[in-house]
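**Q** Here it is, the structure, as structure tokens.
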Amino acid sequence: MTLFCEQVPYPRLAEAFGTPLYVYSQSALTEAFEHYQTAFAALNPLVCYAVKANGNLSIIKHFASLGSGFDIVSGGELARVLAAGGDAAKTIFSGVGKSEAEIEFALNAGVKCFNMESIPEIDRIQKVAARLGKTAPVSLRINPDVDAKTHPYISTGLKANKFGIAYADALEAYHYAAQQPNLKIIGIDCHIGSQLTDLSPLVEACERILILVDALAAEGIVLEHLDLGGGVGIVYQDENVPDLGAYAQAVQKLIGTRRLKLILEPGRSLVGNAGSLLTRVEFVKYGEEKNFVMVDAAMNDLMRPALYDAYHHIEAVETKDIATLTANIVGPICETGDFLGKDRTIACEEGDLLLIRSAGAYGASMASNYNARNRAAEVLVDGNEYRLIRRRETLEQQMANELACLQAEHQNAV
């Protein structure tokens, strides 16, 4: 048996583009986006794809074609949205450290809203907007102090986290923002974490934020939208992920008759299970205490296992009638932490292709050049067709900015 992405066998993609190779299913991207649209249809939401999950231009372009808005956290991500044909007027600018240059870029581009996360940021956006003679549409990201029950590195809604304005300080912060002449308050935002597998924290956060919405309205600050962020998890192994329909019903019931536009910022749940990392076995190494399957992908290609001790299902692309072994699936990087899977039972040998599942989110977007390794190519599959959406990086491209400096030094010395 051979594994396929849609109607294309993975070995054909490996032959055409080499490995390691990120492979994405266009139909899976579409299905995930439409799942949100259908589940929340009664609330007519603006679904803003979180670009940080995977910023490939072709993926952004595809979501734009479906009517998606975008959630960005940097000027670079905004540039990607614009380059891919995304609509700035449907783009939310989040993030705790927006520079003046990024704010100016976003104001000139006409983003829908800035999610402000601190008093100093309120001051900075006011300053830049005044200098440009513009009015900045803003909301405040409020930290509801709700435990997302996820990995601590991706929990963002507790008092101890760097994100957002403390719940107890929210009313005061809104009144301060309302006094700024170049800011227009249009919404409220929260985002409590990523890879949530329990619905209750999401509902609790919504409840707490709506209490603030009512308190603000009573004091004359009437909001136009409610941004509940993202965070809905996906299945990597055996997780029970929240049902979007149940989530939508809970949110609809909580919003009730309030006239609030709902904004959602999903990332992982749109792209995570739409992508896989295709890799080839270099060696099988048998040891006294541990066996190792050495592959040509590594932690620089997929950081999640090393960073979060995250699980990704790994399987052989072609079924063979050979003995299985239990081994760690590891890359060639000089780190003991360079692993893609631990203690996996698999049947493979040198030259075989392996598929690392659920790698569409925080895979390519977190890749690096550690050990001077080139970043992987990326392919998008649509039915029986496929196309390259990112060329494999070359050593010349990897070293270009440094070589230019060396050449300039040489010219100056001469």
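Using N, Cα and C of the backbone, Cβ positions are placed for all residues, glycine too.
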**Q** Look at the pyridoxal 5'-phosphate binding annotation in Swiss-Prot, where G231, E265, P266, G267, R268 are given, and name the residue from Y167, Y362, Y370 listed for that site too.
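**A** Of the residues offered, the record points to Y362.
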**Q** Excluding G231, E265, P266, G267, R268, Y362, please set out which residues of the same chain place their CB within 8 Å of the center of the CB atoms of the pyridoxal 5'-phosphate site, keeping sequence order.
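**A** Other same-chain residues near the pyridoxal 5'-phosphate site: A50, K52, A53, S194, G230, V232, S269, L270, A361.
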**Q** Taking only the Cα atoms, work out how far R268 (pyridoxal 5'-phosphate binding site) lies from Y308 (substrate binding site), in Å, as a whole number.
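**A** For R268 (pyridoxal 5'-phosphate binding site) versus Y308 (substrate binding site), the Cα atoms are 15 Å apart.
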**Q** Round to a whole number and give the Cα-to-Cα distance in Å for the pair G231 (pyridoxal 5'-phosphate binding site) and R304 (substrate binding site).
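**A** With the alpha carbons as reference points, the distance is 16 Å.
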**Q** Other than its own, how many Cβ atoms are within 10 Å of the Cβ belonging to P266 (pyridoxal 5'-phosphate binding site)?
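**A** Taking every protein chain into account, the count is 25.
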**Q** Just how many other Cβ atoms lie inside 10 Å of the Cβ on Y362 (pyridoxal 5'-phosphate binding site)?
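**A** There are 24 such Cβ atoms around Y362 (pyridoxal 5'-phosphate binding site).
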**Q** Find the one among the recorded positions K52, R304, Y308, E335 whose C-alpha lies closest to that of E265 (pyridoxal 5'-phosphate binding site).
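**A** For E265 (pyridoxal 5'-phosphate binding site), the closest Cα among K52, R304, Y308, E335 is found at K52.
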